[in-house]
Amino acid sequence: MSCPYFEQKSCTSCTHMNTPYSQQLETKDNALRSLFSDVEQSAWLAPVQSDSMHCRNKAKMVALGAAHQPTLGIESVQDGTPISLVHCPLYTQESQELLAYLQEWIRTSGIPPYNKVKKKGELKFVLLTRSQARGEFMLRFVVRSEAALERIRHNLPRLQQAFPAVRVISANIQPIHMARLEGEQEIFLTDAHYLLEEFNGVPMVVRPKSFFQTNPHVAAQLYATARNWVAELKPRQMWDLFCGVGGFALHCAPHAEQVIGIEIEEEAINSAKLSAQQLGIDNLRFSALDSAAYSQAQTQAADLILVNPPRRGLGQALSEQLEQLASQYLIYSSCNPVTMQQDLAHLPSYRVERAQWFDMFPHTDHAEVMMLLVRQ
């Protein structure tokens, strides 16, 4: 794939952009097999590949420059000058067109980007999410205060007329002078408050603050793989810890008698419940609880426990708790293989029966890994 930003060295986030994709896959595969050296080579399944371009459904743009010449993108690592990334080839063509329009719309609307040195201005970030199923967008303006809302509201009709696919628009208030992406307060500027996405026939509800996978093509295969593994095992009861908006639980519910999804973020749980209602699933229960606290409060484990923790992993305490609960099966999905490997050391009673990785972020070193662990 050719990327002008990478060739000009203005953005080097995709560190392996110049490496042929087949070679990227081979390098990652070898690195993961080396990291998990205790896993039998025969346990590894073929990796799930990504499209090399137009594969991301989310864009997180820093608002830079001045009101008369705003830029959506990043700061140059050389001299700090603003670099526009609105035409990043990882985004869909529709997303690129909308981002380019927004960059000009911000200028004509007179919305000043926030200057972190002078601590002046309003617009900090523009966050864009696209539903591949419906082609609709959720657009969030992260601003320092409510001072910019009047200008945003006044100019919204022009934006919506130009891009009617923008279904959800909100302003997130982030007043703190820190490199924090978003604040607590979300002000909706449209009647619609969420997007509808669909993977493998399963509806998914996407709200502003809920975590959602960035690569829909690969995410769909991740969920389908977990569903297929669970379908083979046919557990009586299954827990989905760190369930987010319910992607794994919703896919696996038809193949278990009872599924319980646990997630600390209430907004994500509300999304998961709405998806379950749309599917008409009655053997699935979601609760807004801390996954570690829920697990530690149980005296008897489910037949199968699926975990999908954040980058920090499960940690020693929760890993040891799962070891003591002695569930027959664990499915561990991880966005950080290093912490996953550390957690597996605290699960000595389990053998890795199946391992597969998913190239969620092509052209980088990152990989999503999922393993089926069986109690020995």
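Even glycines carry a Cβ here, placed using N, Cα and C.
Taken from Swiss-Prot, the feature [4Fe-4S] cluster binding site covers CYS3, CYS11, CYS14, CYS88. The feature S-adenosyl-L-methionine binding site is assigned by Swiss-Prot to GLN213, PHE242, GLU263, ASN308, with sequence analysis given as support. Residues or ranges marked as active site, nucleophile in Swiss-Prot (evidence: sequence analysis): CYS335.
Overlay of Swiss-Prot feature records on the structure.
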residue: CYS3; record: [4Fe-4S] cluster binding site; Cβ within 10 Å: 20
residue: CYS11; record: [4Fe-4S] cluster binding site; Cβ within 10 Å: 18
residue: CYS14; record: [4Fe-4S] cluster binding site; Cβ within 10 Å: 19
residue: CYS88; record: [4Fe-4S] cluster binding site; Cβ within 10 Å: 23
residue: GLN213; record: S-adenosyl-L-methionine binding site; Cβ within 10 Å: 23
residue: PHE242; record: S-adenosyl-L-methionine binding site; Cβ within 10 Å: 23
residue: GLU263; record: S-adenosyl-L-methionine binding site; Cβ within 10 Å: 28
residue: ASN308; record: S-adenosyl-L-methionine binding site; Cβ within 10 Å: 23
residue: CYS335; record: active site, nucleophile; Cβ within 10 Å: 19
Self-check item: Minimum Cα separation from GLN213 (S-adenosyl-L-methionine binding site), reported as the residue among recorded positions CYS3, CYS11, CYS14, CYS88, CYS335 that achieves it
Solution: CYS335
Quiz item: Taking the mean position of the Cβ atoms of GLN213, PHE242, GLU263, ASN308 as the S-adenosyl-L-methionine site, which residues outside that list, in the same chain, have a Cβ no more than 8 Å away, listed in sequence order?
Solution: PHE211, ASP240, CYS243, GLY244, VAL245, GLY247, PHE248, PRO309, SER333
Quiz item: Roughly how many angstrom lie between the C-alpha atoms of GLU263 (S-adenosyl-L-methionine binding site) and the residue listed as 'active site, nucleophile'?
Solution: 17
Quiz item: Excluding CYS3, CYS11, CYS14, CYS88 themselves, which residues in that chain have a Cβ inside 8 Å of the centre of the Cβ atoms defining the [4Fe-4S] cluster site?
Solution: TYR5, PHE6, THR12, SER13, MET17, LEU85, PRO89, LEU90, HIS363
Quiz prompt | Entries of CYS3, CYS11, PHE242, ASN308 which, being binding-site residues, have CA atoms within 10 angstroms of CYS335 (active site, nucleophile) | solution = ASN308
Self-check item: Proximal residue to PHE242 (S-adenosyl-L-methionine binding site) among binding-site residues CYS3, CYS11, CYS14, CYS88 (C-alpha distance)
Solution: CYS14
Quiz item: For CYS11 ([4Fe-4S] cluster binding site) and ASN308 (S-adenosyl-L-methionine binding site), what Cα-Cα distance in Å is obtained after rounding to a whole number?
Solution: 30
Quiz prompt | CYS3, CYS14, CYS88 screened against ASN308 (S-adenosyl-L-methionine binding site), Cα within 10 Å - retained binding-site residues | solution = none
